[in-house]
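Taken straight from Swiss-Prot:
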BINDING   Gly44, Pro45, Asn46, Gly47, Ile48, Gly49, Lys50, Thr51  ATP binding site
DOMAIN    12-215  domain 'ABC transporter'
Amino acid sequence: MTALPSSAPPLLAAHALTYSRNAIPILGPLHFHINPGEALIVQGPNGIGKTTLLRILAGLLHSDSGHIHINTHHNTTAPERTRHIAYLSHLPGLKQDLSALENLHFLNALHGCHPQRTPSNALTIVGLTDHAQTLVRQLSAGQKKRLSLARLWLSPAPLWLLDEPYANLDPEGITLLNHILTTHLHTQGGTLLTTPGALPTLPVPTRLLHLQKAP
């Protein structure tokens, strides 16, 4: 898994990040970067701090020390980061009493939409056209996961942070996610994704960051 050289500045660079909880070290010090067109895969067992790292990068938690540069800007605030980052947690983050299509329109109003994509197109991409008017609470777990992928496909953000995106996906869903990721990276986007075990195989430049217990 090797990355191709890039002359463009990194989409994200982290330097000496540390984080502790109740005086117990959880992360760090961590140093890494994500270039346009590549994926950084963060691997480590459950409880090692993968989700914590993503929340720090998304601006939802504060690191104890270290620096984060996003599009060369130093330690941007959470509202500024939302313009550059799409964060997909292990929870769907969907409105249960809205339809699948209404959810996508609602999220687009909050975060913006890729200029060449529409919610209806997104539902077609993930195979949910027939469920456009179905309330989210009536969708299966697999369908909710696909709707989350539709939300990701619509995002205009250049950097995607994905918390165990391959969890609970069937083979067709894995193929779909690989297609969405590959399309994003081929347009010089970047992604950081976490996995507790086996590494996903992507036809794009990738690097590995293996998290270990903080000293």
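Just so you know, glycine gets a Cβ as well, placed from its N, Cα and C.
Given the structure is predicted, the values throughout are model-derived calculations rather than measurements.
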Same chain, |i - j| six or more, Cβ under 8 Å of Lys50 (ATP binding site); the result in sequence order is Val42, Gly44, Asp163, Glu164, Thr194, Pro196, Leu211
Near the Cβ of Gly44 (ATP binding site), how many other Cβ atoms are there if near means within 10 Å?
18
Near-site residues: ATP, ref Gly44, Pro45, Asn46, Gly47, Ile48, Gly49, Lys50, Thr51, CB cutoff 8 A to centroid
Thr52, Thr194, Pro196, Leu211
Would you mind checking how many other C-beta atoms are within 10 angstroms of the C-beta on Gly47 (ATP binding site)?
11
Which of Pro45, Gly49, the listed binding-site residues, has fewest other Cβ atoms within 10 Å
Pro45
I want to check the contact list for Thr51 (ATP binding site): same chain, sequence separation of six or more, C-beta distance under 8 angstroms. What comes out?
Ser89, His90, Asp163, Thr194
Most Cβ neighbours within 10 Å, among the binding-site residues Asn46, Ile48, goes to Ile48
By the DSSP assignment reduced to helix, strand and coil, which category contains Ile48 (ATP binding site)?
coil
Averaging pLDDT over all residues of the domain 'ABC transporter' (12-215) gives 90
